[in-house]
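What follows is a short report on a single structure.
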Amino acid sequence: MERARVDKVNISAFGSARSAATYSVELFMVAATYIGLAGSAQFLPAVNPAATPLWPPTGFALALVLLRGYRIWPAILVGSLSPYLMADRSLLELGSIGIGTLLAAFAGTWLISRCANGRQTFGTPSGIAKFAIISFAPTTIISSAIALAGVIFAGQPVISDSVATWLTWWLADAAGTLVIAPVVVLPTMKPLPRSSKWNLLESIAVFALVSIIGIVAYSPLIGSDLIGNDLNVLLPYRSLLGFLVLLPLMWAGLRGNRCNVATAALIFFGMAVWGFSVGSDPFPKTDPNGALLSLLVLSISVPVPPLVLAAAIATRQNTQAHLLSVQDQLNRQIERKNLALDSVRRHFQVLIEGVVDYAIFAVDKEGHVTSWNSTAEKIIGYTPEDIIGKHFGTFYRPDERRAGSPTHALESAIQRGKHEVEGWRIR
């Protein structure tokens, strides 16, 4: 007994150690990814000395809490603090940034779980709309407001600069959340189906077309020495071509492929950020606030409507598939019932054919003869060809028909399942 108890303790300790190791590896990978996203955002041009036009880690943090729960908070905290540790910020600034990021992710997850079905928020059009609203307003406002409060208490900047910084942080967090979170969450909603060759080619075509449109509309390559300066003359308002991206995105949406829509929107938005970094139209460096607003409009108008369309189509496809499955089940049940009924009918026919002393026949609810045994043919005189389909009132005399005897007999048969009578019948 003592040895068995020790073995049980050892197994439990091994399981706990393995779980702790798995959790530690998960935290390390998440923190490393978060730091990588934050580091990549640092390469973007600063709208003001304290803010960039896009902050993907905010959307990544929200997606992580949606997928892994609140237990992932240490990785988010480490990831959110690392870029600022290297920038030699004060402890108050570090604490406000970390707490702001965590509270924003927690608040967004709580609201989405309460109002939009949690990680399944991208499964319905209404869920996507709720996600966009929650991400744009309460979630990103919390992170930017708390971070700004720490900066104000640490450095005491001018109030006008504080408002501009907060607005920039808010819009950057909102853009990052709307673009990044769907890409992270959607592949985990359900197991990825085995793609056919045509589906793979369709996905590649959508991504390629989106990339081409983004390059033509926003890339600094157009009009440079790489392609030719004359293109600036031919395409003076080439940023308007960016609206063409809605065509491949809507096509992917009509196919119900939300992952393709989210990934293609991220690719296109990356091209727009590239154009923003060099001041391409409509992101002039002379008007950073207008450029930031244009980038925010793209972050809303590019991914959200196609995702809503894709969710509606996917919901319809799932409903149709469910109805077809239910129909197949019902058809199989009906087929089994029909086979059983045919077996019962054959068995019943064998039984009544074996009766030699009684004329046995069946009628429907209207009184028409549906079966006729051989004894009935001998006793009454009708062959099955003569009587089946005829009304059984034929067996009654005119005075009995006038008295309602056939109707009474039919009602009795319906109520009791049968009707027995003895007497003379005429043909």
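Please read every residue number as a count from 1 along the shown chain.
Heads up, the Cβ atoms here are built off N, Cα and C, so glycines get one too.
What TrEMBL lists as domain 'PAS' is 344-417.
For 27-47 (among others), the entry in TrEMBL reads transmembrane segment.
Annotation comment: TrEMBL describes 94-112 (among others) as transmembrane segment.
For 133-155 (among others), the entry in TrEMBL reads transmembrane segment.
Residues 37, 41, 47-48, 50-60, 62-64, 66-67, 104, 108, 119, 121-122, 131-132, 135-136, 139-141, 143-145, 147-148, 258-259, 262-263, 265-266, 269, 292-293, 295-296, 299-300, 303-304, 307 of the same chain, all 6+ positions outside the transmembrane segment (167-188), place their C-beta atoms under 8 angstroms from a C-beta of that stretch. Summarising the annotation, TrEMBL assigns transmembrane segment to 167-188 (among others).
Per TrEMBL, the feature transmembrane segment maps to 200-223 (among others).
Residues or ranges marked as transmembrane segment in TrEMBL: 235-254 (among others).
Counting same-chain residues at least six beyond the ends of the transmembrane segment (261-279), those with a Cβ under 8 angstroms from any Cβ of the stretch are 43-45, 53-54, 175, 179-180, 182-183, 186, 206-207, 210-211, 213-215, 217-220, 239, 242, 245, 248-249, 252-253, 285, 291, 295, 298-299, 302-303, 306-307, 310. The transmembrane segment feature in TrEMBL is assigned to 261-279 (among others).
The transmembrane segment annotation in TrEMBL covers 291-314 (among others).
Outside the transmembrane segment (94-112) by six or more residues, the chain places 57-58, 61-62, 64-66, 70, 73, 76-77, 80-81, 84-85, 118, 121, 130-131, 134-135, 138-140, 142-147, 149-151, 153, 173, 177 with a CB less than 8 A from a CB of the stretch.
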